[in-house]
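Database features (Swiss-Prot):
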- Cys24: Zn(2+) binding site (BINDING)
- Cys24-Cys93: disulfide bond (DISULFID)
- Cys26-Cys122: disulfide bond (DISULFID)
- Cys36-Cys147: disulfide bond (DISULFID)
- Cys150-Cys197: disulfide bond (DISULFID)
- Cys155-Cys160: disulfide bond (DISULFID)
- Cys168-Cys189: disulfide bond (DISULFID)
- 24-147: domain 'NTR' (DOMAIN)
- Asn53: N-linked glycosylation site (CARBOHYD)
- Asn101: N-linked glycosylation site (CARBOHYD)
- Ser178: phosphoserine (MOD_RES)
- 24-27: region 'Involved in metalloproteinase-binding' (REGION)
- 1-23: signal peptide (SIGNAL)
- Asn37: site 'Involved in metalloproteinase-binding' (SITE)
Amino acid sequence: MALFAPTVSGILLLLWLTAPSRACTCVPPHPQTAFCNSEVVIRAKFVGTAEVNETALYQRYEIKMTKMFKGFSALRDAPDIRFIYTPAMESVCGYFHRSQNRSEEFLIAGQLSNGHLHITTCSFVAPWNSMSSAQRRGFTKTYAAGCEECTVFPCSSIPCKLQSDTHCLWTDQLLTGSDKGFQSRHLACLPREPGMCTWQSLRPRGA
């Protein structure tokens with residue numbers, strides 16, 4: 001396996017691509033949206049440092065997967081994921097993993113390309129222990145129930161209204177200025193009856 005040492009041509013190419021440099025910007029999704037829109041959702045530890053491929057302009061991280069929540073059918077006969085791929089530069093939404101704790105588990109939601117798991121700065125990547133118990137329950141079993149019929153509809157400014165009875169109005173950003181408000185940490189948009197979805201608590205019944 002070859003790591004990709006920078007060359008003069010590679011450095012010049014990077015400088016050309018990043019001038020003028022523009023920061024990657026994206027709106028963080030509700031966790032349910034991240035689950036539903038991702039092809040693969042796993043829990044894993046980052047166990048290796050980034051390896052940069054100067055030709056393809058990507059970097060990859062070695063991981064140790066501990067649990068898969070979504071992606072069994074997409075991965076078919078190769079369910080074990082050992083590497084995650086991302087653009088090599090933050091200006092084009094490359095993800096840079098900054099935690100040095102190799103025993104820390106992360107929830108990672110990404111897309112498949114040629115059998116490889118890809119993520120960006122805009123992907124949902126979060127320390128497992130930082131997530132609420134409701135979010136962990138959502139990724140484990142509940143969010144999937146809303147993927148086919150329901151849509152989390154972000155509301156970031158007034159006025160905003162639902163465009164469909166299958167939409168749930170997400171107001172965390174509007175009310176708290178954060179994407180990590182009550183609806184994000186404790187609720188899921190799930191079918192209430194045919195043709196209608198509502199916010200529902202992710203707390204276990206009886207809790």
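Every residue gets a Cβ built from N, Cα and C, even glycine.
Comparing Cα positions, Cys24 (Zn(2+) binding site) lies closest to Cys93 out of the disulfide-bonded residues Cys93, Cys147, Cys150, Cys168, Cys189. Closest to Cys168 (disulfide bond) in space, going by CA atoms and restricting to the disulfide-bonded residues Cys147, Cys155, Cys197, is Cys197. If you take the Cα of Cys160 (disulfide bond) and the Cα of Ser178 (phosphoserine), they are about 17 angstrom apart, rounded to a whole number. Asn37 (site 'Involved in metalloproteinase-binding') counts 13 other C-beta atoms within 10 Å of its own C-beta, drawing on all protein chains shown. Note: the domain 'NTR' (24-147) comprises 31 helix, 43 strand, 50 coil (DSSP; helix = H, G, I, strand = E, B).
Same-chain residues at least 6 positions away in sequence with a Cβ under 8 Å from that of Cys93 (disulfide bond) are, in sequence order, Cys24, Cys26, Pro87, Thr120, Thr121, Cys122.
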